[in-house]
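So that you can see what the record holds, here are the features copied from TrEMBL:
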TRANSMEM  12-29  transmembrane segment
TRANSMEM  50-74  transmembrane segment
TRANSMEM  94-120  transmembrane segment
TRANSMEM  159-178  transmembrane segment
TRANSMEM  184-206  transmembrane segment
TRANSMEM  213-234  transmembrane segment
TRANSMEM  305-328  transmembrane segment
Amino acid sequence: VNPDPYQRHSLWLTLTFGLFFSLSTYGVNQSQTQRTFCTGSVKQAQRVMYYAIVGMLLLRTLINLAGVVIFAFYADCDPLTLGGKKTSNLSVTVSYVLMDLTAIPGLAGLFVASIYAAVLSSVSTQVNSMTALLWEDFLKNLKQFSTWSEVKVTRLQKLLVFLTSIVGICLSLMVTKAPAFITLLFRITGAISGPMIGLFLTGLYLPWVPGKSAGLGFIIGILLSVWIVTGQLTTQEDPPYLEMSHAGCLLSEGANTTAITTTPLSSLLNSTLHNDFVSPSTTDANLILISPDDDDESTVGSMDWLYGLSYCLNYCWGTVSCILFAIVSTLLSGWNNTETVDEKLIAPNAWLVFTKLPLPSFAPPLQKLLRRYRTHSDRKGAEYTDAKLQACDGEMVPMKSPA
């Protein structure tokens, strides 16, 4: 429960991350919103969301439970650092399946089938959503495709699906080499999805903000988020994980086989939780808590106060920056009134406040400057026109009347 924002994870950081991650997934994500739009009414869409909440709570509980069980199972014999070579922590689940679940016939195959089913379902949805977004928002309005028939459009969309899949496969092969793949993924998606959440919240709950100001806030939010993520990836290192024990590993001499001693799960859980909360001075020699070196603080750059923040806050910074810059732009350039906003596009409570609150009595500063500039330009233009007319009048020669 430490409120320090420079930790990797804490109760408040994970709650903040979960809130904005859920808003991104179920509020502005194309793959989810297109499913919501397929429902017959708003009530049905709300019912679907309630069902999804229950399902996601169950899924997250099972994921966390699986992680705790695997961590406790390997508390005395870490397969990732066995032999002195550190491997990716993504392979711990695979190690558990290959080394232990194979004892139960068919269970390993069920695990692989479940992974494939989940991946194919998610990937197909994401690829189709990306194709629909490319076509509707970028290609459909081009003159080159205005005369295309439905058959040609369908073929083009199939080609886009294929090309998008190829790009996705190449990117997946690249990012799997990253040391902290999940953290890297959440950092990058937070830089993009955070400002998107802010843009939608501005459109729904801030009817005073014009479209140009909202777009400017979104662009600035994207640039700020990308800047923060770039600094995090180039200057910061993730805090080290806990080192696991090898006391329970029995290595046979002259062979590459490893026998793992079996211990009851309850004792493993108790010992793991106990060692996780004791101080480093009283920790067993086989389970050492690694802390950052104090000497490294002298080499921290001037921007470490920003780049050192937890990646769990990336969604939050993008959302807040988008809304704040949109509001500032509105105060400087001008705001909407009830005659320029469609009530159907605004949340009911926000529209009620919009109609009750009076608009600001002062004129926007940028409008004042623009008005003064136009007045000055018009005055200069009028003076220039008068001078030209006077010059023309002085040069005019009276014409003789015909005889």
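Each position is counted from 1, following the chain as shown.
Glycine residues also receive a Cβ, built from the backbone N, Cα and C atoms like all the rest.
Here the transmembrane segment (12-29) has long-range neighbours at 1, 3, 5, 36, 49, 52, 56, 186, 189-190, 193-194, 196-197, 199-200, 310, 312-313, 315-316, 319, meaning same-chain residues at least 6 beyond its ends whose C-beta is under 8 angstroms from one of its own.
If you count C-beta pairs under 8 angstroms between the transmembrane segment (94-120) and each of 50-74, 159-178, 184-206, 213-234, 305-328, the highest count goes to 50-74.
Using the rule of three or more Cβ pairs under 8 Å, pairs at least 6 apart in sequence, the transmembrane segment (305-328) is not in contact with the transmembrane segment (159-178). Remote same-chain partners of the transmembrane segment (159-178), defined as residues 6 or more beyond its termini with a Cβ less than 8 Å from a stretch Cβ, comprise 90, 123, 126-128, 130-131, 134-135, 184-185.
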